[in-house]
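Record features, source TrEMBL:
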- 15-41: zinc finger (ZN_FING)
- 15-41: domain 'C3H1-type' (DOMAIN)
- 38-79: region 'Disordered' (REGION)
- 76-104: zinc finger (ZN_FING)
- 76-104: domain 'C3H1-type' (DOMAIN)
- 117-158: repeat 'WD' (REPEAT)
- 248-288: repeat 'WD' (REPEAT)
- 290-319: repeat 'WD' (REPEAT)
Amino acid sequence: MSIHEQIRVPHVKPSSSRSVCRFWQQGICNRNPCKFAHGGELPPRPPPPRSSHVYLRGSRSESQSKPVGGSAAPKKHEEKVCRDWKSGNCSRGDDKCRFLHSWSRGEGFSMLARLEGHSNTAVVSGIALPSGSDKLFTGSSDGVVQAWDCTSGKIVGTLNAGGKIGCLITEGEWLFVGLPNVVKAWNLQTGVDCSLTGSTGQVYALEVGMGYLFAGGSPDGVILAWKGGSSSTGEQQGSNPFQPAAALNGHTSAVISIEVGGGGKLFSGSMDGTIKLWDISTLQCVQTIEKGHDNAVMSLLCYSDFLLSCSLDQKIKVWAATGEDGRFEAVYTHEEGDGAISMCGVEDMDGKPVLLCSWNDDSVGLYELPSFAEKGRMYAKGEVRSIKGGPGGLVFTGDATGLVTVWKLAAAGATSGAAMAE
């Protein structure tokens, strides 16, 4: 879906009475000489449209440009990146283009590097940074897993997973990859791999909690659970160290987001907008939030005692256990003008919580928690489908053009480095 609507300006026929140039009135006429009149003071411009970003303040300049030599600098639209500039084809230049020529907006973060290794037609669908490791793992829809050296940013290993990758996570010594009808597991220490079968469709969500591996994506809404994973469990005998534990039934459409919370809770979100809460100790559903969203629940995130959910219905919702029964209810809704895709919670260099949420206008918003005040935007060439936080304020984003971008959050008062350009 295009993030810029094409504006069609009706053709103006020549006039013998030298009528006033409508483009000059808008401050965008660049014809010199112009067959229409440029005279008098510019009429007052209408106020800019109200931002759909509820917490954004002062992002647009209120100053008016007056014509000089028959032309005027266009008013900047600082919330959208120029599509032509992103593809390297903007002929208007930084000064004359209405849209932003930058990969970020805001203070307190900067772009460090871009990692190019996946196909530019592939979606980066998973990013994992094992604890204590110097390797970064990324997976894409073309079935390729890349291993990157965190110091040099170079590819040090490539793995063909054998099918479209819907998600990718690491836990301990294991790398898990969601594929059509199967979850593949690789032991990063021994090189042993195994297949976890039972899924009937693309696996879009994987999560580990309380000794279980949970997988969602089957069209019938079933969440599968496996137990095991110890390197001494069956591995030396060549058997699969993961054993099927349960099938969690209840959703009626594919589960595409899973999150393990405190107190032995498991949350799941499905394509039909439903959110379920499960007790991991019993593997039983204890609450169903019907129509938690009006569209697919794309991502779930636990923050403190709250659950955050985001959806293609353009909303992030905050849920909390209210009352003595402990049932979760919506306590806050943040709405923007684009569908929400993925969320990640990190801490900045001052230890303050920051929410990152990607939207389908190819941007990632940064929000202070719990206020949801917007700190800025990261921009990409395509939709950002995966976000991962790392140590020392690092953030990794993967987009729909196969690109992995490395960002750095700064401490308060620190000067952010200039965003890298092409």
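Cβ from N, Cα, C; glycine included.
Long-range Cβ contacts of the repeat 'WD' (290-319) within its own chain (Cβ-Cβ under 8 Å, at least 6 residues beyond either end) map to 256-262, 267-275, 328-345, 353, 355, 357, 360, 369-370, 372. With DSSP states grouped into helix (H, G, I), strand (E, B) and coil, the repeat 'WD' (290-319) comes out at 0 helix, 18 strand, 12 coil. Sorting each residue of the repeat 'WD' (248-288) by its DSSP state yields 0 helix, 24 strand, 17 coil. Confidence for the repeat 'WD' (117-158), expressed as mean pLDDT, is 95.
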